[in-house]
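According to TrEMBL, the domain 'Major facilitator superfamily (MFS) profile' annotation covers 203-392. Look at TrEMBL and you will find 43-62, 74-92, 98-118, 130-150, 162-182, 203-225, 240-261, 268-289, 295-318, 330-352, 358-378 tagged as transmembrane segment.
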Amino acid sequence: MGCLVGCLRSIPGPLLFVRSHECFWTYQSWYSDHQLSNYSQFSISWIGSLQLWTFFFMGGPIGRLFDAYGPSPVMFFGTLLLAFSTLMTSISTKYYEFLLFQGFFFGLSVASLFYPSLAAVSTHFDKYRASALGIAAAGSGVGGVVYPIMLRQLFSRTGYAWSVRASTLLSVACCVVALATVKKEGRKKCSGWIDVKMFKDMCFMLLATGSFFVCLGIFTPFFYIVCYAEDRALVSQHTAVYVLSVMNAGGVFGRIVPAILSDKMGRFNLLIPASFLAGLSCLIFWMLAKTMTAVMGFAAVYGFLSGAFISVITPCVAQISDIDEIGTRIGALYTLISVPSLVGGPIAGALIQYQGGSYTGMIGLSGSSIIFGSLFILACRLKINRNICVRA
């Protein structure tokens, strides 16, 4: 009965939210041909990078607010800000306006909605925590499949402004459902804004360091896989969006299946090979992808493996944390990885430009950083228990 109550109270929340990096390319492609046609792809990508950085960076403060006040006040603020930011985005015409409303304010609104709902799931489950979080995180993957196609169709039929307003209405409706369902298990905890104890926890610091390097490269394919396919004339501009949808579709299964398996095999035992193989798939499959079939195959495989990292990393944090510190530590982890998330995309773009349009250096950096980060996560696993055959 406890698990059923936990499902009804907490899982609907994160099911409703689309991670911003999974569909920003749709906006970037439109902006490059319309409102921001005078700006380079490198400049436009900073809107998505700022959005992603704000989303991650605010994880620490929002996690602390969640531990102190519960999810409802934070998510109510996030709902209002989401409506404001998206409506202002629909009437924006200048670069700085997109940076402010779609980059900063929208990133803050999604963070205010996502972290409380995700942390609430963690407080309701222990034995099946990864499964619950995986199912919850899969919702954003489903949105990542649907939203790019939906927006692309709406842009051409109803125009940009009304398309964004329609998505605003849908998003706010989802937020209302989340506000009515998401509840926190356990007592509220009011303490200082900085948890010094977690910086002395070697397991947490190794996991955080590994996540830092993984996130330096893990989002790069989401930003550049479509450009890669277009530049090599593998797809047309109208069908390119389906490459991203295939990657996000792989992510849906990657969030659910590995999460369920990790509750049986051990969360760290699954997170480590998933991260390592995600990096390896970039170095092998993406580097050698010369046909449309190969690109689609890589997109599906990488979506699955990166989805595993996204869904299992949170229960790994919860596993090494007290229940009253889960929100703070999840938030602190995401704040830390905000830095590589901000610079990863622009660095990749700069490498492509530096190499005269070649994607080799960018792919190499992406894959290598993910593999390097997985080694720190392995060190964390060995710190917990050196016997690699046991569940951990």
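Backbone N, Cα and C atoms are what each Cβ position is placed from, and that goes for glycine too.
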Let me spell it out: take the transmembrane segment (330-352), skip the flanking residues so only those 6+ beyond its ends count, and list any with a Cβ under 8 Å from a Cβ in it.
41-42, 45-46, 48-50, 52-64, 66, 115, 118-119, 122, 195, 198, 207-208, 211-213, 215-217, 219-220, 223-224, 313-314, 317-318, 358-359, 361-362, 365-366, 369
Whether the transmembrane segment (43-62) meets the transmembrane segment (240-261): three or more C-beta pairs under 8 angstroms
no
Do the transmembrane segment (74-92) and the transmembrane segment (203-225) share at least 3 Cβ pairs closer than 8 Å, excluding pairs fewer than 6 residues apart in sequence?
no
Stretch contact, the transmembrane segment (203-225) with the transmembrane segment (295-318), Cβ-Cβ under 8 Å, 3+ pairs
yes
State the residues, same chain only, that lie 6 or more residues beyond the ends of the transmembrane segment (295-318) and have a CB under 8 A from a CB inside it; answer 'none' if no residue qualifies.
19, 118, 122, 129-130, 133-134, 137-138, 141, 204, 207, 211, 214, 218, 221, 225, 228-229, 234-235, 243-244, 246-259, 262, 267-268, 270-271, 274-275, 277-278, 281-282, 285-286, 289, 326, 329-330, 333
Remote residues contacting the transmembrane segment (98-118) - C-beta distance under 8 A, at least 6 residues beyond either end
10, 13-14, 17, 19-20, 27, 31, 35-36, 46-48, 50-56, 58-59, 62-63, 66, 70-71, 74-75, 77-79, 81-82, 84-86, 88-89, 92, 133, 136-137, 175, 178, 182, 184, 314, 327, 330-331, 334
